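Peer 1: Please find one structure pasted underneath; my questions will follow.
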């Protein structure tokens, strides 16, 4: 191989771009005819049907494959802004759930999260958000999360194999509507042998396919790097999650529900102080999912109970989707992360309060210097008085003119990380705990070729690996640049500054900077949109101060402040919402140090305008979580504020700015700050005001304008068009519009007393005429632009239409099927649903249709038990499932139930069972029954082994067809497989009567031929009258009927039978007795248990458990014990046959009257013969001679037999030879005859000879 020369690369085919062939292709493309049609026309025979059978088979197979892909089309009810997809990460303990969630969050948001605590919501793309929830090993949590999950990531420890928790969760999902499930194999780096790894992968994959479906996706996380999974593998997993489609589940689509990501206690503190055990009023927050939710309804909180909702309101989305823009990826500000229970999310808006979370403020971590913003909020939270006292003392106003507000309760961050199989308990020495391994009896066939396994593995792994994002490369380049800049800076700076650089840069506020410069300042400190935008390191502050002192002095103090703030803002890059980790903060500040090292003030100002434009664009695209909530209150009274601003402009002295830009920058700046900043903490983003600031930033009356912009471009002209008088102004800011309103208000009026009509000034009419002429010119220009836009749009639509027609002709059958019509009908219905309330604002829509899915809602629930708040643990999910009209009632339910094939014990009637039905988990007492052929529901003592049976319970009314599962206990993991039974609700009617068999026993006391008198079965004549005509039986099988009651003894009756009874017979009556269903409904209140004991809820115990716990032993029934049967010997009378019958019998059957023979008399007995010695010798000799003779005759006979056998063999051989000769002779004869016949045929074909 090595000696051979490398193969020359073949010359690539170059397609023709000119000539007749290329022209034909072009024309075909324009006409839209597919490529295959031309060949069919040219050579139709090549495409003709070769075999009708084969064609039919191909057609049938294609139709089968097509039909298999069809699902019943459902109306698409997903809102335009759908709620985040719930991704539940499931697996046994220590399998890597928290690590995987952390890696996925880091992949999507570039942020690190410490403790996974409660739901974590992130923005994963332009149209998709994800909520990650970690599922613990508690069966209650597994049941609750299976009901709300859209996607399940099932983690499996490959080094250990499948554990019972995996199969339990799969069975729970099967009952409550199967969500999408993806398997993830971890701990693959523990395999040292590649062959063993391949075999394990293959075995686990096929077992996973058996449980889920053939071809279910199984990801492999090959190993850990610095405590995290490999970036490329996590990225591939994230891509799959981002593009996955979901089939709507029936229960979720018909019931609204909220997965609460935040909980606040609204109870009056005074009430709690007086009575700590009083019921609490709690507000729960989360995204509404499922369907529309009406206010004042009833909800069920699994683990707590049923409650009425006092009030529902929708809040601004804390993790909003970015605005619709044509871009490939999200910018840093749009990579949002919202996890209030994990201490992430910054500012949280409530209905009437704003809560500020301190990242790292209450965790035991050493911090060198507290940042100014954190210092401010810590001073607010430091007090230990009541809420009213706090509000009075803090004196912090987040909004202008609003009451003072305080931060919410800050939750403590916790530092901890958080066919049937046989169970084998295995002690794991690494994790120091006992694990429940699922061992299957049938061993998988591991002797298959390794080549198959390797090919599978390569297909799975190589298919997933893709190129890394451009963002990763950019980050690497950025890091290299910062390192180079830092080295260059270190060389130029003096040694003292290098010494200071070793300390991590501590960020200070602008207020402190000005105090250092000893300038008199009266203003409130300006706060930017996020913490990082205002923070500068010490070196930046020093340089900034020098630059300002060396630069030109400005005319007024207010203008200088304005320019400085603009410069400082623009120098800092807009980062995410400020919740990144400390390492990232440090790296960002280092980059900022490097970038801001620019000489001169003019270069700073030139950067300012460009960066402010970028910031404004970003803010328009995706605002921060908390800005939208503030905007609602800010917008109150906009008209009044606009009129005041207009009057101020009128009063102010005319200057250059007013003439060019139409706005006045006031010298004091206090009014501007009050309007723009909310209490000195946040700034509400206003696009129109942002444009004015941008215009003010470049003021040609102050310094040389920035020549970096190309003003010939149409885009640049459009960006400043609205700054001039001729631009398009908004109604509440346009002077002409405001004057017109004044004219309407004060212009024309009629004096009612005198009847005189006063009219406005005539000069205004001339102005209006001028304005109309200007407007006409603008309208003409706009019309021309619109015409051009319409032509472009029509061209694009025409192109799209042609492409769609080509696609349809290629892939559609032409004639629409019933399925297509159904899909089209559903599509129309979905469009109709969307269009109905499309133009209505949210407040009005909520009144008509309820709160729609996707809204972030706040539910206020009164009368919650105090344990819900005091024992609250964010690691356990809180789900609010809305109940239907009748689902709050309790009644009888008929179900079909089957014991789970992996549960090792059958279930007993009247043993309490914990059911998961609908949203609820509750304990009840079921009665098992089976329906006989005549429609009777017969009570069963135990469930059948491998068969369905009926079950009737007393429980909450749930719609028919709802699946349920049953467990015997939710406390711990005592049993091998915890799911005891599964089933479905059949009926909600209590008319079904369950009956049990009752045998009544009686004894005959008088017998008259076939009539008997029976006693002991009944007690009164009335009871007998009730059962007259009933069929009875004896143990021996004689059937009878009850006829009439007897007067004495009481309860006795006369009965007739098929045959005469004996006094020893026992008579019994089979009857059916109705059984009542016990009315027990005991909700599982696991969330009210103390922290750490939430998985130890125990309700009513079974009779067996009670006897075991109390040490009670059953005394057995003596009649039920097995003992040896001792039967007495029965003596039967002699058979007596009458004489007449004897005469008629044949002789053979006649009884013989023979007397038994006695002993033979002695005289008739023969005497014994005693031989003489001579006679004995003669007898012996004769005996010997006879023996010799017999032997000789036998030997001769054998010789004769052998001779005869030899003769027969020879005769057979001769016969065979004879037959062989005859056969050969026959063959020879037939051959000659055949040749003769052939010859005669040949001559007959040739015809007769000429001479004949």
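Using the three backbone atoms N, Cα and C, a Cβ is placed for every residue, glycine included.
Pulled these features from TrEMBL for this protein:
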REGION    1-44  region 'Disordered'
COMPBIAS  9-29  compositional bias 'Basic residues'
DOMAIN    82-247  domain 'Bms1-type G'
REGION    407-622  region 'Disordered'
COMPBIAS  425-440  compositional bias 'Basic and acidic residues'
COMPBIAS  441-470  compositional bias 'Acidic residues'
COMPBIAS  471-499  compositional bias 'Basic and acidic residues'
COMPBIAS  529-542  compositional bias 'Acidic residues'
COMPBIAS  596-610  compositional bias 'Polar residues'
COMPBIAS  666-678  compositional bias 'Acidic residues'
REGION    666-698  region 'Disordered'
REGION    746-791  region 'Disordered'
COMPBIAS  755-771  compositional bias 'Basic and acidic residues'
COMPBIAS  772-782  compositional bias 'Acidic residues'
REGION    1139-1173  region 'Disordered'
COMPBIAS  1151-1173  compositional bias 'Basic and acidic residues'
COMPBIAS  1193-1204  compositional bias 'Basic residues'
REGION    1193-1252  region 'Disordered'
COMPBIAS  1205-1219  compositional bias 'Basic and acidic residues'
Peer 1: Mind checking which residues of the chain, 6+ beyond the ends of the compositional bias 'Basic and acidic residues' (1205-1219), have their Cβ under 8 Å from one of its Cβ atoms?
Peer 2: none
Peer 1: Give the nonlocal contacts of the region 'Disordered' (1139-1173) in its own chain as ranges (CB under 8 Å, at least six residues past its ends).
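Peer 2: 1179.
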Peer 1: With helix taken as DSSP H, G or I, strand as E or B and everything else coil, how many residues of the region 'Disordered' (1139-1173) land in each class?
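Peer 2: The region 'Disordered' (1139-1173) comes out at 7 helix, 0 strand, 28 coil.
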Peer 1: Do you know the mean pLDDT across the domain 'Bms1-type G' (82-247)?
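Peer 2: Its mean pLDDT is 91.
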Peer 1: Per DSSP, how many helix, strand and coil residues does the compositional bias 'Basic residues' (9-29) have?
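Peer 2: Per DSSP, the residues of the compositional bias 'Basic residues' (9-29) fall into 10 helix, 0 strand, 11 coil.
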